[in-house]
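Reviewing the structure listed below.
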């Protein structure tokens, strides 16, 4: 991030969280230009000093007047904060990039992965005097669609069966700490501390902790179903998902089975994915080297491998792929800042 | 296990391995009757004394004459040992229950899950003077089909998309030890020891380490595809699988998407599964309580939950389920001993 007089004024809401901290790292990495920076958090964190790029910032309490003269606000403080303060910021003329699920499915709110559907936010301009909300998709959706979209563009995906392997980070920094603590406890033969989740996470896995809806899907799974339709602007695409939390720190993996309207062979798919922006292909069959969460941790690109023609579908109408992406980075902070970059 | 003069004489091949040890536990738990017991292993382990049910046994080296007067031999010492010594035992009139993949797909060799297809071994009799080979399916196949078969019987499965979450135990006791060692090392900030697998396993996951075939599937995945067809005696059932190793000790999980020939609603599916032998339903949506690997560890039953109508399929032609089973127990030792029980 670099101070530039003609850059936007930026605010980060929820700066002390895992994604909030990652916003700062990504802004630096991408040399995002800014005129001023405001770090906002809850009353509990207000008053803390954060040093960022050799300057000291005092964390300010988020209030209704926080957004005076803020051009871009990056929100990652949970859905209820977004619901309350997002519209207040918009009223002040701020463009809000919101990492929560509060507005994602609202009509008129763009839900954007910059490599996938930048056109969805075409009407939104900086310095127009008009505020706006742009929603960041759910981490699992972003990581899945980074790989599926280039294939969808070529052969039209008609159905997608997704099983996820989700990291602790999706539940926040405290969940990552609990996974580490529990693992130490289990190795010492102690009873694991279960505060964030209601069961042992160390050396275990479990169905995603999001509430389960009346159709038996949990909210995390229905995000994949619904957000895919909105992002692809395709009401007919069929998606099912099973979301599982695995004892991994900060990157998600997803096993994705694809059905296409027109045939697509695996060589063409590999070629398409190798040229896709933000995607790296790791698919060395002889060496048994494929994407892993560890490999993509702290990296920007989503990795895809295990690209193969689905033996359960006739002709070349199906593919299986395996995708890994950093949950905090491309799954949250990086994607939000790429959205902000589209505004510049 | 109990000494009975009219029981069979039993040999265990590979008694010092993870599954070999589990054979002993399961024989005890099920009070399996036997006339005599022979514990066989490689030269390296021969001469060791094992105390079992208050008797001392000397582990004997596996040789061509090991099977004189052995009625039932339980093999779990890897494919090459089975290939060499399985036929030798059969020639001596022994009935071999083989836990390796050596003979599973051979014509004329029954591949059996006792709850699923006991009829496949109908021609094989103890004390007939005729030896025989019976193959134990792969752990992932057993665990998947324990849940899928009761539904298949009702509504005929036409296609199955499986993603696995496989424990360390499938790669043997040394892999379990490596996972624990690596986890300690990572927590201490040390470089993890990678001897069994060529990459970090602690707080990570990776595509199953089985060799990858020319169609891009690894051998573990193709076992699910091919063994399902043989066990169900249905050449047309379509299966695809993505097999992933996760940092869990001894129980596998599987996300299974099912397509049916005739409609099956989730209430009927839950009813069918709740009555299926060897299956327990854990499916409490309100409490977010579903099967976990930890919950089924050291247990006989396969647990199934997340039973729901697939939103990506029209009508009631699809279901998603999530299955967990102990890899060493129902995935290997228990299933083999249940096969032996069918012989009694």
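Just so it is clear, glycine is given a Cβ too, placed from its N, Cα and C backbone atoms.
All TrEMBL annotations are machine predictions without curation.
The model shown is predicted, which means the values in this text are computed figures rather than measured ones.
Copied over from TrEMBL, here are the features:
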ACT_SITE  A:139  active site, acyl-thioester intermediate
ACT_SITE  A:252  active site, proton acceptor
DOMAIN    A:9-124  domain 'Semialdehyde dehydrogenase NAD-binding'
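Take the CB of residue A:139 (active site, acyl-thioester intermediate) and look out to 10 A: across all protein chains shown you find 28 other CB atoms. All protein chains shown were included, and the count of other CB atoms within 10 Å of the CB of residue A:252 (active site, proton acceptor) stands at 29. Taking H, G and I as helix, E and B as strand and the rest as coil, DSSP gives the domain 'Semialdehyde dehydrogenase NAD-binding' (A:9-124) the counts 29 helix, 32 strand, 55 coil.
Averaged across the domain 'Semialdehyde dehydrogenase NAD-binding' (A:9-124), pLDDT for the predicted model comes to 96. In three-state terms derived from DSSP, residue A:139 (active site, acyl-thioester intermediate) belongs to a helical segment. Residue A:252 (active site, proton acceptor) sits 8 Å from the residue listed as 'active site, acyl-thioester intermediate', counting Cα to Cα.
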